[in-house]
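First up is the structure itself, then whatever we jot down about it.
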Amino acid sequence: MQDDTSSEQNPTHCSAINSSVPLVQGALPTLTLSGKIRVTVTFFLFLVSTTLNASFLLKLQKWTQKKEKGKKLSRMKVLLKHLTLANLLETLIVMPLDGMWNITVQWYAGELLCKILSYLKLFSMYAPAFMMVVISLDRSMAITRPLPVQSNRKLEQSMTGLAWGLSSVLAGPQLYIFKMIHLENGPGQTEVFSQCVTHCSFPQWWHQAFYNFFTFICLFIIPLLIMLICNAKIIFTLTQVLQQDSNKLQLNQSKNNIPRARLRTLKMTVAFAASFIVCWTPYYVLGLWYWFDPGMLHRMSEPVNHFFFLFAFLNPCFDPLIYGYFSL
């Protein structure tokens, strides 16, 4: 979801972007009590997520060192490593940025960092969502269409590379649409407020609506649908297999039983999807509501607003707990 100072595009104001515009009607935003609570919770979750994800990366590194010479980590652990890196990136960029921005209320870092950090913020949100898609696809194919080990390795590398690449490309527009605006009391008077926003970056209001909706589809709807379809296929296939005669039970070269390790990773994949839904749904429901009814911010309690946004920060905290429990 993108920030903006107004729901309308004023041509006079738009011509003054990057210089200054008259102060809009109404009080400027300040750090309220609920805002302070949000900042406190944000930095607490930042410490939790950083500790958990960094610890899991360290554990994977030690696991790699214990491997016999010439042997590599399993495909699943490689995918978990990519997901952990993506979660760590989101933690180190999005959470401190959100916390500091809520403290300062306005933007003091200049236009260059406004663009760069806005790009990195969206990039670090795309990456973990796409990595969870890769894991869901990988587990689904491992159950329904098992391939030789070498083919699986190549497919895994292609999918993870595509996930990182798409994250980078889809976040690209942030470098263009985010700008600094400076508000002042009147012409020639002292500047009183600066902000990093998308104000006036779109010729028509529906252009911004389209961009926001496109981002919502790519960040939430598409990953969610893919994960749901993959998990449904996994559950359906396992149900069929478990209903067969135990003497004929065979899954991907395993005899007479489903390997426990594979069952663990399948349960983990389902848990990832559940975590994604629980953590991100409130965030995007609030975003969609705002896009169609900007006035809702004035009707909704500020603490409730902050609470919904904080839900999204739980996802990188839950993920290492999930894969730590199921994989090692």
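Cβ coordinates come from backbone N, Cα and C, glycine included.
For reference, Swiss-Prot has these:
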- 1-38: topological domain 'Extracellular' (TOPO_DOM)
- N18: N-linked glycosylation site (CARBOHYD)
- 39-59: transmembrane segment (TRANSMEM)
- 60-84: topological domain 'Cytoplasmic' (TOPO_DOM)
- 85-105: transmembrane segment (TRANSMEM)
- 106-115: topological domain 'Extracellular' (TOPO_DOM)
- C114-C196: disulfide bond (DISULFID)
- 116-136: transmembrane segment (TRANSMEM)
- 137-160: topological domain 'Cytoplasmic' (TOPO_DOM)
- 161-181: transmembrane segment (TRANSMEM)
- 182-208: topological domain 'Extracellular' (TOPO_DOM)
- 209-229: transmembrane segment (TRANSMEM)
- 230-271: topological domain 'Cytoplasmic' (TOPO_DOM)
- 272-292: transmembrane segment (TRANSMEM)
- 293-306: topological domain 'Extracellular' (TOPO_DOM)
- 307-327: transmembrane segment (TRANSMEM)
Annotated stretches the transmembrane segment (39-59) and the transmembrane segment (307-327) touching (3 or more Cβ pairs under 8 Å): yes
Among 85-105, 161-181, 209-229, 272-292, stretch most in contact with the transmembrane segment (307-327) (C-beta, under 8 angstroms): 272-292
Any contact, the transmembrane segment (209-229) to the transmembrane segment (116-136), with at least 3 Cβ pairs under 8 A: yes
Cβ neighbours of C114 (disulfide bond) where a neighbour is any other Cβ within 10 Å: 21
For C196 (disulfide bond), the three-state class that DSSP assigns: strand
Other CB atoms, at most 10 A from the CB of C196 (disulfide bond): 22
Beyond the flanks of the topological domain 'Extracellular' (293-306) by at least 6 residues, Cβ under 8 Å: 7, 32, 34-35, 37-38, 286
Long-range neighbours of the topological domain 'Extracellular' (106-115), counting only residues six or more past its ends (CB under 8 A): 18, 29, 174-176, 178-180, 193-196
